[in-house]
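Asker: Sharing a structure below in structure tokens format, with a few things to ask.
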Amino acid sequence: MTFTASQLLALLPLLLTTGAMVALMLAIAWKRCDDTAFVVTIAGLNLALFSLPIVMAQGDQGVTPLLQIDGYAVFYMGLVLIGALATCTFGRSWLKGYPDNREEFYLLLLIATAGGLVLAGSRHLASLFIGIEMLTLPMFGLVGYAYRERHSLEASIKYMVLSAAATAFLLFGMALLYAQAGSLSFSDLGLTLATTPAHHPLLMGGLGLMLVGFAFKLSLAPFHLWTPDVYEGAPAPVATFLATVSKIAVFCVLLRFYLAVPAAADPMIHWLLAAMAVISIVIGNLLALLQTNIKRMMGYSSISHFGYLLAVIVASRLGQMPVEAAGVYLLMYLFTSLGAFGVISMMSSPYRGKDADSLHSYRGLFWRRPYLTAVLTVMMLSLAGIPMTLGFIGKFYLIGVTVDAKLWWLSGAIVLGSALGLYYYLRVMVTLYLREPGMQLRDAKGDWAITSGGLVVLLSAALVVALGLYPQPVISLVQGFQNVVLH
């Protein structure tokens with residue numbers, strides 16, 4: 001097998017991330033220094049991000065039978081790298097209070113990011129599985145990184161056991177599809193399964209088992225039970241990565257698979273996805289109403305947000321509009337989640353025990369840190385889909401797609417879920433502006449705004465507001481990147 005120069009250039013983000021990974025391993029072996037580890041990680045991720053225009057200039061490139069680097073892949077690679085960079089900067093602040101080895105945090109982060117990049121360009125079940133495993137396995141260590149805390153170890157073990165079960169379902173589903181089609185390529189599966197009789201046992205069984213695996217990775221109901229415990233137990237920067245990079249990478253490969261394999265649009269699978277979307281929206285929002293822990297609340301909130309996004313897959317038989325809607329919504333979800341979890345990271349440190357995840361810890365924050373409060377307020381408004389924020393544009397797109405597909409009941413579920421979500425997001429905002437209690441509460445550092453994590457949080461808030469007021473740059477960006485090559 002030979003590689004052309006264009007194919008190698010198309011792999012630049014993955015090659016640069018892998019190079020940073022190797023350089024970091026050598027640096028750790030030579031001399032432990034968390035400053036060096038941070039610089040190597042940030043440099044590698046930035047180089048990978050700034051290489052994306054070079055990748056786009058190569059056009060659509062099929063790199064081996066495993067990867068397709070097209071506009072769709074480049075867009076989601078960008079989201080993965082932005083999320084990883086933000087996680088790295090939040091981790092820098094959090095690790096300053098960490099008493100043990102810090103360098104492995106960055107190494108595990110780079111490995112997981114490489115897995116996300118593989119998923120963004122995957123067009124083969126083998127690369128899909130490799131990408132998911134590269135993304136998932138480092139998360140076991142990252143979730144349990146604060147291993148002196150019992151809740152962190154518990155979260156890591158739960159995530160590991162349940163993730164192993166989900167991987168078994170995914171692999172078994174792939175095996176059944178291979179037995180029926182004789183190929184693992186998305187395009188070959190699409191061509192072969194299109195001629196397979198409807199409701200063939202191997203076809204339905206394979207697609208159903210794969211759907212279970214994907215549903216776990218996206219924490220969709222009824223496979224969501226791990227989510228609140230893992231979000232609560234994971235360090236705040238790791239929860240950021242779980243909520244953004246991990247889910248965005250898995251969703252983008254699921255959407256490509258669904259578009260490439262027409263058999264996945266079988267009415268039975270179609271209605272199963274639709275039911276899962278509605279259940280996720282309802283359960284995610286109802287359980288979030290009951291939470292007094294902000295990380296658990298964000299965990300349940302993420303269940304509902306990916307329930308909304310399942311509506312895109314249900315409507316995706318209509319053409320490119322659902323693909324565009326998914327891109328806009330995930331861009332909004334990325335920046336909004338980075339801002340919200342960034343504030344939690346600013347308030348947390350291992351020196352002070354558990355993360356500042358109790359809602360009570362944020363009572364009266366406005367009177368101590370008004371600008372940090374403004375950032376969290378903007379993020380809550382955006383997640384609720386309030387006008388003049390990027391969240392409103394994302395929700396508008398989703399409702400537009402479901403209305404266009406005449407899925408009125410699904411549109412109603414999105415509206416109902418948004419109304420329920422408004423209540424618990426407003427509860428967080430009200431808590432921020434209450435008068436401070438007499439007792440001393442957790443607080444961010446006085447110079448939080450000039451730290452790398454603080455700058456990321458402020459930039460995220462500025463983008464959420466600016467792009468909510470004038471969304472055309474986002475729409476044009478997404479439209480320019482959404483060419484999906486399915487062969």
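Just so it is clear, glycine is given a Cβ too, placed from its N, Cα and C backbone atoms.
Copying in the features that Swiss-Prot gives for the protein in this structure:
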type     : residues : note
TRANSMEM : 8-28     : transmembrane segment
TRANSMEM : 37-57    : transmembrane segment
TRANSMEM : 71-91    : transmembrane segment
TRANSMEM : 104-124  : transmembrane segment
TRANSMEM : 125-145  : transmembrane segment
TRANSMEM : 159-179  : transmembrane segment
TRANSMEM : 235-255  : transmembrane segment
TRANSMEM : 269-289  : transmembrane segment
TRANSMEM : 327-347  : transmembrane segment
TRANSMEM : 374-394  : transmembrane segment
TRANSMEM : 408-427  : transmembrane segment
TRANSMEM : 449-469  : transmembrane segment
Asker: Grab the same-chain neighbours of the transmembrane segment (104-124) for me: Cβ-Cβ under 8 Å, and only residues 6 or more beyond its ends, written as numbers and ranges.
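Answerer: Sequence-distant neighbours of the transmembrane segment (104-124): 13-14, 17-18, 20-21, 24-25, 28, 34, 37-38, 40-41, 44-45, 48, 62-63, 65-69, 73, 76-77, 80-81, 84, 87-88, 91, 95, 130-139, 141-142, 145, 184-187, 241, 245-246, 248-250, 252-253, 256, 260, 485.
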Asker: Counting a contact as 3 or more Cβ pairs under 8 Å, with residues at least 6 apart in sequence, do the transmembrane segment (269-289) and the transmembrane segment (125-145) touch?
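Answerer: Not in contact, no.
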Asker: Rank 125-145, 327-347, 374-394, 408-427 by Cβ pairs under 8 Å to the transmembrane segment (71-91) and hand me the top one.
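Answerer: By Cβ pairs under 8 Å, 327-347 leads among 125-145, 327-347, 374-394, 408-427.
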Asker: Sort out the residues at least 6 away from either end of the transmembrane segment (408-427), same chain, that have Cβ-Cβ distances under 8 Å to it, and list them.
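Answerer: Beyond its ends, the transmembrane segment (408-427) has Cβ neighbours at 274, 277-278, 281-282, 284-286, 288-289, 291, 297, 301, 304, 307-308, 311, 314, 359, 380-381, 383-386, 395, 398-399, 402.
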Asker: Would you kindly list the residues that approach the transmembrane segment (374-394) from elsewhere in its chain, counting only those six or more residues past its ends and only Cβ-Cβ distances under 8 Å?
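Answerer: Non-local partners: 301, 305, 328-329, 331-333, 335-337, 339-340, 342-343, 362, 365, 418, 421-422, 425-426, 428-429, 432, 457-458, 460-461, 463-465, 467-469, 471, 474-475.
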Asker: Within the same chain, where does the transmembrane segment (327-347) have neighbours whose Cβ lies under 8 angstroms from its own Cβ atoms, ignoring anything closer than 6 residues to its ends? I mean 6 or more beyond.
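Answerer: For the transmembrane segment (327-347), the nonlocal Cβ contacts are 75-76, 79, 82-83, 86, 90-91, 93-94, 236-237, 239-240, 243-244, 248, 251-252, 294-295, 298, 302, 305, 308-309, 312, 355-357, 361-362, 372, 375-376, 378-380, 382-383, 390-391, 393-395, 397-398, 442-445, 448, 451, 453-454, 456-457, 460-461, 463-464, 471, 474-475, 477-478, 481-482.
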